[in-house]
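Participant: Among the features that TrEMBL reports, pyridoxal 5'-phosphate binding site is placed at Ile96, Thr97, Phe125, Pro126, Thr127, Asp128, Asp195, His198, Tyr220, Trp250, Thr276. What TrEMBL records for Lys221 is N6-(pyridoxal phosphate)lysine.
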Amino acid sequence: MPMTLEAVRELDRWDPLATFKARFALPDGEIYLDGNSLGAQPLASREAVVSTLDQWRDELIKGWNQGWFDAPERLGNLMAPLIGAGQGEVIVTDNITLNLFKLLGYITESQGRQRPVILSEGGNFPTDGYIAQGLCRFAGYEHRVLPEGAALVDYLDDRVAAVVLSQVHYRTGRLRDMAATTQLVHEHGAEIVWDLAHSAGALPVDLHDCGVRYAVGCTYKYLNGGPGAPAFLYVHRDHQAGGWQPLSGWHGHAAPFAFDGDYAPASGITRFRSGTHSALIYAPLEASLRLWQEVDMAALREKSLKMTELFRDCLADLLEAHGIGDITPPPAERGSQVALIVREHGYAIVQALIARGVIGDYREPGLMRFGFTPLYLSYEDVWQAARHFREVVERREYLAPRFQERAEVT
Ligand SMILES: *Cc1c(COP(=O)(O)O)cnc(C)c1O
């Protein structure tokens, strides 16, 4: 039996995270279920950007010595507690795509190029596979694909140098067992790079506890760093002296301002820098990461699971009646999203919802994704979003011609 609006409001009254919502700038009348693609704006991020602009105006080049230059390491240290890493193990720089290239190149170099295969998962977010392919082409390695749903153990052998997997799958929201998988890969003498794009800020992540040596993730999704906010890269402290990473630029040099003719990697996590970063784009992310320091991740997880369950419960009978599949994994294996599959009209349903102010997204083929971000969504938001979904489907609003047209970014 779906919950009543009264009961849902009662949940909001007792929600320990409820006060965070007031610290985000959210458009009036919108219910934002797309924080898994681009997080909402913390109020503090506007001031942070403006003050960085002022700093540029007033301090000019001196700004680099006033917090701009060391932002990748400083923000890395703010990221660390959110993913169970230590100080000096995380750097915030570039994007996932480039960081994956750096780590895969670094790993193969540190193994002495003994193993010729890079394994990535089919059906995952494509950039991870593209980068594996690109590196293999460039360096003469072999790219192997783990088909979606196949057992990893069947694809590991003594030729595999490195594996790239997502902790939470971007389409289905399935959460992998990070500790067991990491151990399995290490037992086969290979390394694993975890992609935390859909887990950092979505649930408690403990890299140390899971024995993880390498990871990447982005900050513009659940972490609310802003469009194009820089990604993070993690290397366990015992594995930071393995050699060069392939994008060996001057910011990752041991002495960047010595302007030596030859490259020598910096010690520690700094060697994973490449070139000059934008001080402006670090400003809103730093404001957001400071807010995140206050978040109780266990409470976040509890609310996230309650919200996804509430949404599914409110819609269960409707989905069944209309042949819409709910492929959301069970709670223990779930990220922070609900994934619904429909044979036809998925794109139009999402467009009709957007017209009503409920923002989700659509991914081919047939997948409607709804992300649940406990910091700025209330239980009532979730309940109202489900009500809109029901009305769009029951009234067949999605059949209107204006909902069939495709935009460039969906
Ligand atoms: C969003 C996402 C990315 C994004 O990569 P960028 O290089 O930051 O554009 C990568 N991997 C996964 C799994 C993602 O979900």
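Cβ coordinates are placed from backbone N, Cα and C, and glycine is handled just like the others.
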Participant: Within its own chain, what residues at least 6 apart in sequence put their Cβ under 8 Å from the Cβ of Tyr220 (pyridoxal 5'-phosphate binding site), listed in sequence order?
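Facilitator: Tyr220 (pyridoxal 5'-phosphate binding site) has long-range Cβ partners Leu38, Gly39, Gly226, Pro227, Gly228, Ala229.
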Participant: So which of Ile96, Phe125, Thr127, Asp195, Thr276, listed as binding-site residues, have a Cβ under 6 Å from an atom of ligand 1?
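Facilitator: Correct list: Ile96, Phe125, Thr127, Asp195.
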Participant: In Å, rounded, how far does the Cα of Phe125 (pyridoxal 5'-phosphate binding site) sit from the Cα of Lys221 (N6-(pyridoxal phosphate)lysine)?
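Facilitator: Cα of Phe125 (pyridoxal 5'-phosphate binding site) to Cα of Lys221 (N6-(pyridoxal phosphate)lysine) measures 14 Å after rounding.
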Participant: Starting from the Cβ of Lys221 (N6-(pyridoxal phosphate)lysine), draw a 10 Å sphere and report how many other Cβ atoms land inside it.
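Facilitator: I count 25 other Cβ atoms within 10 Å of it.
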Participant: Do any residues at least six apart in sequence from Asp195 (pyridoxal 5'-phosphate binding site), in the same chain, have a Cβ closer than 8 Å to its Cβ, and if so which, in order?
Facilitator: Ile96, Leu100, Asn124, Phe125, Asp128, Val164, Leu165, Ser166, Gln167, Ala215, Val216, Gly217
Participant: So which of the binding-site residues is most packed in, judged by how many other Cβ atoms lie within 10 Å of its Cβ, out of Thr127, Thr276?
Facilitator: Thr127
Participant: For the C-alpha pair, I'd like the distance in angstrom between Thr127 (pyridoxal 5'-phosphate binding site) and Lys221 (N6-(pyridoxal phosphate)lysine), rounded off.
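Facilitator: A Cα-Cα distance of 16 Å.
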Participant: How far is it from Thr276 (pyridoxal 5'-phosphate binding site) to Lys221 (N6-(pyridoxal phosphate)lysine), counting Cα to Cα, in Å?
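Facilitator: About 23 Å separates the two Cα atoms.
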Participant: In the structure shown, with every protein chain counted, which of the binding-site residues Ile96, Phe125 has the densest set of Cβ atoms within 10 angstroms of its Cβ?
Facilitator: Ile96
